[in-house]
Amino acid sequence: MSYKVIVPATVLPPWLRVGENWIFARHRRTEVGVVLPANTKFRVRADFSRAGFTRPVIVRLLNNNRNTEREINLNNDQWMEVEHAHESVPFVDWPVGERNIMAEVYFEIDGPHIPLPVYVFNTRPVEHFKSEYRQSSSGYCFLYLDLVCMLVPPASKNALLDVNIFELHQFYNEIINYYDDLCGLVEDPYADTVDSNLPNKAAFVKADAGGPGGAYYGPFWTAPASSNLGDYLRISPTNWMVIHELGHAYDFVFTVNTILIEIWNNSLCDRIQYKWMNKTKRQQLARVYENRRPQKEATIQALIDNNSPFDNWGFFERLIIFTWLYNPQRGLDTLRNINHSYRVHATRNSSIPYPQIWSWLTTSAYDNFWLYFNLVGVYPADFYVNEHNKVVHFNLHLRALALGQSVRYPIKYIITDFDLVSKNYDIKQYLESNFDLVIPEELRQTDLLADVRVVCVIDDPSQIVGEPFSVYDGNERVFESTVATDGNMYLVGVGPGVYTLRAPRGKNKRYKLHLAHSPREPVHPANDHMYLLVTYPYYNQTLTYTPYVNSDLAVDMAHLFGSNDRRYVATIYFNPFEQTVTVHLNNIRAGRENNTTLYFEMVISNPFNGQSQTFTILEDNPTLRQGYYKFDVVTYSSIRLNMSVAGRLLFGDTFLPEGTTTLTMFPNQVLEPNLFPDGSALNRTLARLREQAAFLDNYSQLMYIENELRDSIYLASQLVDPASDEFVKYYPDYFRDPHTYVYLFRFRGLGDFVLLDLQIVPLLNLATVRIANNHNGPHSYFDTLYFKVELRDTNGAIVFSYSRRGNEPMTPEHHKFEVYSGYTVELFMREPGNRLQLIVNKMLDTALPSTQNIFARITDTQLVVGDTSIEDNLVTSINVDCGDDDNQKIRVVETLKMIAF
């Protein structure tokens, strides 16, 4: 008997490659519609004449055991004769990665064979199908349940006949749809965007008595390792096997050498149990708690207290860290964002290594989880390789500061007597664990307040006394004051939580800041990033100021990558100023799992006493803990770096070769053999300066917040070229203010009411417009244009424009936008004179032309003002003839009186 099977292609979105197994990409196939008894002979061929496909067409003879199945590759349109010794159900795989093709496959079957009962969801009554299957001599049947296709084996026939197929359909489709949503996948029939899902996808489920373990997710199907489907027909929120194996379809690259194999997919499983279960069931039935939450929390507490390396934690201990990571309001957006980032990366350049997983999660979150990660013993790497294959700085803490991220931390470490059952402070939001992560805003309802003293330890109190400080929860300022005359900060009426402290950093001296609880009460997670933990009961804090003289940007470093996928392993800092070498270890696996072969070794030798220090990284390092390893050195110490492979240790801009490279610590730099101190260190410092300046340009909010990077830029610029003003705009306020001009144009109307303020700060590339509320308009006596503000870019395009007739109502508005050198400002005022004022650094400029039209051009640091249009070649002139009949002069408005902007 003849059969013809036509199968479409599986179209891949741009982020998915042929041969990858994610989201069931190779699971689609079409049944021939028969069951072949053992030893059945048949012929098969594919029609290549019209299809246009470039890969073999695959026919599979499936049953319930991989050891008795067969795969047939059709490479041309010639007939192939086949005889198979085992009962089987023939299928044709959908060609993967092709577009706009249909594969046609022809079968000629000799001898008897059995029709395969097939059910397509919602196309006929279920009972009609079950009746057909019940009466059929076939032990097999095939189900199309939208997002899952299921080959039911003979051993599961009775179980399938007893199953509610509508509920089975709902069970599988809800799981896959939810996992798609968690990953941010969007249905798209054209599959041509970075977030496109796989069109017409479906998981393929079968039995496999020869399969590994209890069940598995494979490239071509998911199956229990049994001759029957077992739990794959059990509809229950506790069916961990099914939700676990389906979750593997979404592992992507997140489990590659991250110690998260069987963790990442289970974090999705936990989320769907979270969705399905009510509060009581969540505690009793969820796999992460199993009615033993207090005991599991105690285990986590012991691991933290003992500083156990996170990579050595147990399976479910690591999993529950993700439970608490994803529980907060926007926690799941972290998961969606990191998946989107992966797809962008895969679409753009799959050869570039992915970021270290903890850095990746940190930069994908809407809240700041860095302190939480440190608590459990993982350290996000602060470097990554960008799309141009260049190692760049994440600046994780500054990025969080610029984005106004709130810091989440376990509630039990904030309200130290909190207990979910016995003392929960009647908190109204849903919490399921004493380790749930909260922010200060969520704890206001407790009405717990503290007066906290921050003791400042500094060599020169005059650098900070009387200076303002503030405390922030994300973007919200919750407290502000000034440093008291005794050199301390006093916080009054502050609720519990982790805040960001914006502390003064000195005036003409710069400092590094370190924040911690009092030494006798080491509760606070000490840090250099101004994360201020206010506990209940509260403790006082200690803020230690250490003079900052030599910029960190002048410190050379090396970047260590993994052997196979170039994953980020460690940063090595060679600090000649502090005479230290510091290793920041971010990944304990540099190569193959469980392999103890030497991967990297550093030996530091003291030339004066012959002593040496050694730091070793094997391919796998289960006993190492992520974090910092610091070694003291002396001038002329030799630092021997031994690499087992080439091209995985980047020093400066050069990948070091396999074998040994010896560096020497000089007073101001580290050099390779046969080299002598030269200007190369300054060149590398200048390159880092420009890179970090670009970072501040990208996160311009940091230009208005005192921070260590601005200190570092100032100190490094003084080292590279003290006379240069290239980096002035990035300096700390104390050093930047003398170069900062703030121009305020103020428009007034009838009764001298303020209509509009236009403020321009050229050095910071910032313009701000504040428009007042005036229902009657600027001046009700005029029905014509009364005033106008317009800014244009260097191409003449309008950046901002606002105008009103005299009797045209005004409503309040506030605009903030960037302006650059060469931008022009055009102002019109119907009644010039006192109705249009220019205030420079809080001083009224009395020489503003008293004309209706005022023109100005922005330069790098100042504003050129006149009453006629300013040509490009006049931009830098201080006194220039405009060429008009009145010989009007254009001046640079300047003053010696500065303000802290």
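Keep in mind that glycine also has a Cβ here, set from the backbone N, Cα and C atoms.
The domain 'Peptidase M60' annotation in Swiss-Prot covers 27-330. Residues or ranges marked as N-linked glycosylation site by Swiss-Prot: N265, N278, N339, N349, N540, N594, N595, N642, N683, N698.
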Neighbour count (Cβ, 10 Å) for N540 (N-linked glycosylation site): 16
C-alpha spacing of N540 (N-linked glycosylation site) relative to N698 (N-linked glycosylation site), in angstrom: 36
When distances run from the Cα of N349 (N-linked glycosylation site) to each of the glycosylation sites N265, N278, N540, N595, N683, the nearest one: N265
N594 (N-linked glycosylation site) - helix vs strand vs coil (DSSP): coil
The one of N339, N594, N642, N698 whose CB sees the fewest other CB atoms within 10 Å, among these glycosylation sites: N594
Number of Cβ atoms other than its own within 10 Å, given for N595 (N-linked glycosylation site): 13
Densest Cβ neighbourhood among N265, N349, N683 (glycosylation sites), 10 Å radius: N265
Distance [Cα-Cα, Å, rounded] between N265 (N-linked glycosylation site) and N278 (N-linked glycosylation site): 22
Per-region confidence, the domain 'Peptidase M60' (27-330) (mean pLDDT, whole number): 95
Cα distance (Å, whole number) from N595 (N-linked glycosylation site) to N642 (N-linked glycosylation site): 18
N278 (N-linked glycosylation site) CB neighbourhood, other CB atoms within 10 A: 8
Pairwise CA distance, N595 (N-linked glycosylation site) versus N339 (N-linked glycosylation site), rounded so that it is a whole Å: 30
